[in-house]
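Remarks on the structure that follows.
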Amino acid sequence: MSTEPVSASDKYQKISQLEHILKRPDTYIGSVETQEQLQWIYDEETDCMIEKNVTIVPGLFKIFDEILVNAADNKVRDPSMKRIDVNIHAEEHTIEVKNDGKGIPIEIHNKENIYIPEMIFGHLLTSSNYDDDEKKVTGGRNGYGAKLCNIFSTEFILETADLNVGQKYVQKWENNMSICHPPKITSYKKGPSYTKVTFKPDLTRFGMKELDNDILGVMRRRVYDINGSVRDINVYLNGKSLKIRNFKNYVELYLKSLEKKRQLDNGEDGAAKSDIPTILYERINNRWEVAFAVSDISFQQISFVNSIATTMGGTHVNYITDQIVKKISEILKKKKKKSVKSFQIKNNMFIFINCLIENPAFTSQTKEQLTTRVKDFGSRCEIPLEYINKIMKTDLATRMFEIADANEENALKKSDGTRKSRITNYPKLEDANKAGTKEGYKCTLVLTEGDSALSLAVAGLAVVGRDYYGCYPLRGKMLNVREASADQILKNAEIQAIKKIMGLQHRKKYEDTKSLRYGHLMIMTDQDHDGSHIKGLIINFLESSFPGLLDIQGFLLEFITPIIKVSITKPTKNTIAFYNMPDYEKWREEESHKFTWKQKYYKGLGTSLAQEVREYFSNLDRHLKIFHSLQGNDKDYIDLAFSKKKADDRKEWLRQYEPGTVLDPTLKEIPISDFINKELILFSLADNIRSIPNVLDGFKPGQRKVLYGCFKKNLKSELKVAQLAPYVSECTAYHHGEQSLAQTIIGLAQNFVGSNNIYLLLPNGAFGTRATGGKDAAAARYIYTELNKLTRKIFHPADDPLYKYIQEDEKTVEPEWYLPILPMILVNGAEGIGTGWSTYIPPFNPLEIIKNIRHLMNDEELEQMHPWFRGWTGTIEEIEPLRYRMYGRIEQIGDNVLEITELPARTWTSTIKEYLLLGLSGNDKIKPWIKDMEEQHDDNIKFIITLSPEEMAKTRKIGFYERFKLISPISLMNMVAFDPHGKIKKYNSVNEILSEFYYVRLEYYQKRKDHMSERLQWEVEKYSFQVKFIKMIIEKELTVTNKPRNAIIQELENLGFPRFNKEGKPYYGSPNDEIAEQINDVKGATSDEEDEESSHEDTENVINGPEELYGTYEYLLGMRIWSLTKERYQKLLKQKQEKETELENLLKLSAKDIWNTDLKAFEVGYQEFLQRDAEARGGNVPNKGSKTKGKGKRKLVDDEDYDPSKKNKKSTARKGKKIKLEDKNFERILLEQKLVTKSKAPTKIKKEKTPSVSETKTEEEENAPSSTSSSSIFDIKKEDKDEGELSKISNKFKKISTIFDKMGSTSATSKENTPEQDDVATKKNQTTAKKTAVKPKLAKKPVRKQQKVVELSGESDLEILDSYTDREDSNKDEDDAIPQRSRRQRSSRAASVPKKSYVETLELSDDSFIEDDEEENQGSDVSFNEED
């Protein structure tokens, strides 16, 4: 059958727009076919929204929605509109929508020549929204709206009344708007204006016969939507008020549904209170309302744009949702260390949005999805952080944590280990041969602290074998996994290595170790606090990641090594190992005096020798400890130690610690709770000790070490910081980097405003400025420092012997704390952050502190002290107790010009400058508000700021101080410090700190007085017995010649002479024979009476012995021959009387008197300090004055006592290098050995070049031994090795009487002949030396010959006797009066002699022999070569 071809005219048609809408309705109103959708509908029975599957025709719902939106838009045009009535007559298939308010104008359109109501509702593409220049927030947009409802209705009636014009307009359309009846206009004099639309949908076009329940439910929900999204209206549905006043009420309809759904999901009749879902509502501004709830399924949203229900969301939903997701993600990452993907957060959100958008654009006429760009919204909606924090308190946070944990668990399981026989990924692993095999559970993995410990552990494997032992080194400390993220754990190499090597599987519940490569884990760390911390971190890792593993007895082990070894040399050689410091301290106090011994501190495993490690592994019973399986509340203690959530509990845990509590080293099995409470706690305490100062001196350990080092070095002349730091490190056994010490030194010397009120060190160089708070200090190698003169007035030297000094690394280091004369913690303030504790104490005025100290002395009421900063010119206001506010200084110097001349203390210049520059230039968030800014600083602050008149007015309104950030708070509510007993204490007031300091300081002033009086009493006793000894010698009651040493000592004991120890303390009585022999061997033996090994090694390295307690007779037997003269006898009597008078005067003083004396001296020095500081900051650097060389220790006079501290010192050859003896000097200061009374140095004699330099000598003279040089100082090698033989000693002593007789009989002759001899010597010298004028007065000084002989001698009686006997034997005449030196000594001296003259000023003390260029650095003023 053939068909006729269709013509082109028939194929292409043109239809009217009305026909197009009816033929293609989906373009305008959506589908006209029945569809099943998941929709929220209003359920009348439960009075809430419920989500259910419904069968509706979207097009029918859309034409209903268009009429509702028209009614809602009228609220924007007429804010006085208050009511919308919706009546749905399902049986009649009729719907009515009526709104009050301003109606449609009832007039004929000028251009179209028809009534405006007819044009709007009966003609397509007519609207009042076509002016795009006018920003509108209505729903109508394209000119279709109500016309679409008219087109798809069989009957459409418009009714509008305008009371203002007194008319009512009614018009009817039928048959899909194809029939338009003429309008009926009547008079309207009563009632409000209104607009009403009544229509009957053309159900046949929608494939429907009636309005069923599904479509009615959706329509009713849409009426509720209008009521919730349009503000300040009443909506009635079928004559019933909906009673929804705002968007929040509307959102709550969904809350009931969520609650009911959760009940159904949980199978409960009623949900627990904690499970009730919450909806968080927030009205951001007049155009944005947001509500949030947790979604139980996936992301859900209910949103409205200008009352239009955007069921498909759009840019406005993304705008809000993205903000919430981003901020929640940031919180999870920063605060909770959790990582969750954005879609996982979004899928758990239910968002409600009601907004007004200017000229909104949608994807289609159905308006289900907004497409307007965010920048075109016409308003912004920034979700506040407070709202996000509220969201984080809902179930969303819990779900995110669960999701994150699940993500982490999956990620961590990917890195699980397995039991395999060989692992090749870790080159440093020393794998056990049996690891990963069926015998793997018998193997032990040794985890060592670092590579150095690994080598030692490997050495130990030589003892136990490598079949069942493996080793692996840890790099530093492990990660605290308790709050760590999965990403942190996965990136931690140590944790991943342990899992692989051990074969551990994350979160696996272990009941035995047969599935592991190793069945035991042994920790081998240093025996210090850091080693304990590593053990704790491993325990924390195992407990939190592998449940059940620590329940297996014997799984976790530790290998302990000694922390100190004591080597006993006498009476018998022995070695004692100590595994903790308290045990060592106990032995030192109770047992050490019985032995001669030395100690060795084992800082780490690297200190041990390989042989020692093999010995340790050979005795595993002693060195291997087992951690007991978890019991009781062990898990709680692990959580307490490592959980960040337990910070407050940890603070109390630390506060309750009793000093001296340690883990019992004899325990074979260590309970984990004991380990945490008795060993691990020491690490946390050490952290606090490093960070929080002591209330007595205000120092942290590093600062205390620096001050100790400066005192020990007597740092009176400047020294590079880069040189001082290593010196402090060495002399205080500092175990950390020198760089941190250098920074501490810089901090103690900083003098800019806001730093130290009293800087204890002088800043000779760029030590930082106020610009950056000291961060701009120069490098340590460029700057110098020295002790401030005021420092020793604050830390009085007389207190040094009273402190308890710490013993570390075989040496005495800094004290536990210093006791300044006023509380430096208040003078300079303090701040720091430790474990569980932090502190902030501002500085105060030293003079106010002293005033209150005197109030305490007088039992008077204390005055209130306020924070004070040296050199600061701002003001401080007390706003409430313990709270202050600091203000800078700002003044108006012109109409719109301001001058800032001071900042709040510790607000640095750079901070304010950055703020002002931001105000000058602005950025994306801040507009420029400063017109101009100048800086005119010198040492003081000066900003000149120019504002515009508008900004000046605004600044006045805000406040000058507020706008320029010239206000800073100070709080006294966190004043934490260690109390005198070593416990952390929080102080409630400044006066409480002062009172705590006062009573301890007063007690120590009494101790100082007692100590000084005791030392004076000892000196009186020593002088008394020296007088008695000399008298007995002179009167022949005591003979010491030609007697064995032990016999002399025994006779002295029988005569009641006490021994005096190094400290100057007398010991009466006789120690037992064994101890006496040790004393004599160590302190009194000559070189040939001891075996070579003992004399070379034992006496040199022994640091403790019985002689410390019992002392020796060196104060008698070490006196010079000159001491046996009558003059010396009388002088000793006079010295004894002087000491008795000094003691009597001291006893008259009270502790408060001594303290007041110190305070007065400080006040004088402090005023000088303030003057110098003000001059320095003002640019006038005070003159330090010239330093005088040669001033310092005087020479010993002929008849002064022997100094026992020098006799047994090892002789030191001067090989062109400087000799440093500051350690020994400091020990003398500490012990206050006042054996030599200091006086001014003798007048120096300027001569021609002396014979010792330029005179030609015979070979015999050059080879002859010097009769006056000290063998302990100048000799390169020992001469007269047989000098100590008893026979030779006897021969020397035989000549004592003869020498005494000669000295007595020739004394007058010597006085007469000495000048002549000097003249002869001078004339003789003139034959070989260039003439130089010599002052007659100095040249003729009497007894110069004898003085010179003694000056060059530092020898004992025996050495002087040796000189005299040599002279007697050689029968030398005049030349014997000239001191002779060896060739090396003479050449050494000659090298440093100036060409024009030679001045000789010799010091008998061996620690005075220091070259000139060393003097300033060593704090010694002794000079040998100086021109007058």
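Just so you know, glycine gets a Cβ as well, placed from its N, Cα and C.
A quick note: this is a predicted structure, and the numbers were derived from the prediction, not measured.
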Looking at SER740, SER1305, SER1408, which is the one Swiss-Prot tags with phosphoserine?
SER1408
According to Swiss-Prot, one residue among SER128, SER1269, SER1388 carries the annotation phosphoserine; which one is it?
SER1269
Of SER339, SER1087, SER1387, which does Swiss-Prot mark as phosphoserine?
SER1087
To which of the residue ranges 333-336, 365-368, 633-636, 1069-1072 does Swiss-Prot assign the term region 'Interaction with DNA'?
333-336
Mind checking which residues reach the region 'Interaction with DNA' (965-974)? Cβ under 8 Å, same chain, six or more beyond either end.
838-842, 867, 876, 882-890, 900, 903-907, 912, 915, 986, 989-990
For ARG781 (site 'Transition state stabilizer'), which of the recorded sites ARG650, LYS700, SER740, TRP908 has the nearest Cα in space?
SER740
By a simple count, how many Cβ atoms lie within 10 Å of the Cβ of SER740 (site 'Interaction with DNA'), its own Cβ left out?
13
Rounded to a whole angstrom, what is the C-alpha distance between ARG650 (site 'Interaction with DNA') and LYS700 (site 'Interaction with DNA')?
21
Take the region 'Interaction with DNA' (965-974) and count its residues per DSSP category (helix H/G/I, strand E/B, coil), listing them in that order.
0 helix, 5 strand, 5 coil
By CA distance, which of the recorded sites (ASN480, TYR734, SER740, TRP908) lies nearest to ILE833 (site 'Important for DNA bending')?
SER740
Among all the protein chains here, how many other CB atoms are within 10 A of the CB of TRP908 (site 'Interaction with DNA')?
19
Cβ neighbour count within 10 Å of ILE833 (site 'Important for DNA bending'):
13
Whole-number Å only: compute the distance from the Cα of TYR734 (site 'Interaction with DNA') to the Cα of LYS700 (site 'Interaction with DNA').
13
Would you kindly give the Cα-Cα distance separating LYS477 (site 'Interaction with DNA') and LYS700 (site 'Interaction with DNA'), rounded to the nearest Å?
24
How long is the line from the C-alpha of LYS477 (site 'Interaction with DNA') to the C-alpha of TRP908 (site 'Interaction with DNA'), rounded to the nearest angstrom?
36
According to DSSP, folded down to helix, strand and coil, what is ILE833 (site 'Important for DNA bending')?
strand
Take the domain 'Toprim' (443-557) and count its residues per DSSP category (helix H/G/I, strand E/B, coil), listing them in that order.
50 helix, 19 strand, 46 coil
Cβ contacts of LYS651 (site 'Interaction with DNA') (under 8 Å, same chain, 6 or more positions away):
GLY836, TRP837
